[in-house]
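Have a look at the structure below, then the notes.
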Amino acid sequence: MRQHVNPLSQFFQLPLSLPSKNILFEKSHYPIHLDIGSAKGEFLIELATKCPDWNFVGLEIREPLVSLCEKKRRKLELTNLKFLFCNVNVSLDEWLSDLDFGQLKRVSIQFPDPWFKRKHFKRRVLKTNILNSIAKAMSKNGEIFIQSDIFELIEYMTNTIDENRYFTRKNVGDLRSINKNPYNVMTDREILSLKKNLLIYRVMYIRNSLLFTN
């Protein structure tokens, strides 16, 4: 399975109509945690098991991984979790617009593809349009949590979110001040990075009270 796919290729630019929350979940009124780049899904599977009064959505651009995650989910009979294939920069906004305002409580972006070459920065997942879509759907005190073991990437991500007026950084200053995953569940990459004694940079943003305007 390829580690990286080019989200700007023609295939991934085709918008997908994602299933609505009422189709995805039996209890569609529950608060939602959205994990962008859910990879093998172990983080959300454990979290969904521990938090039955939340709904969890994992979005992943590598379709074989989505199939693998859905197979695991069905085996565990988790009805508060779904994994979906899509390019979030193309298909997320429409799906979020279907949610009740404020239902989206948490968004996590953990160890995304770094795309090191400057000419490939535009392939990185976090962009202004995604942040605005999230800001439009999220009410005050909603969360965006990001983490990476690559300083240049976390710096890029924090700079991008800092420029957005709808989110306020909770831990200003030291990017290492959050010493563990705030949801008390670790991703596979997080576990591997800790075993290698790599520094992990974690940042939490809070949706402020500014009303969203286009």
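Every residue, even glycine, has its Cβ placed from backbone N, Cα and C.
These numbers come from a predicted model, not from an experiment.
The annotation in Swiss-Prot ties D35, N87, D113 to S-adenosyl-L-methionine, and of the candidates under consideration, E26, E60, E70, E77, the one tied to the same site is E60. Look at E60 (S-adenosyl-L-methionine binding site): DSSP puts it in a strand. The Cβ of E60 (S-adenosyl-L-methionine binding site) lies under 8 Å from the Cβ of G37, S38, A39, V66, C69, F83, L84, F85, each of which sits 6+ residues away along the same chain.
Taking CA atoms as the reference points, D149 (substrate binding site) and D113 (active site) are 11 Å apart. The local packing around D113 (active site), expressed as other Cβ atoms within 10 Å of its Cβ over all shown chains, amounts to 17.
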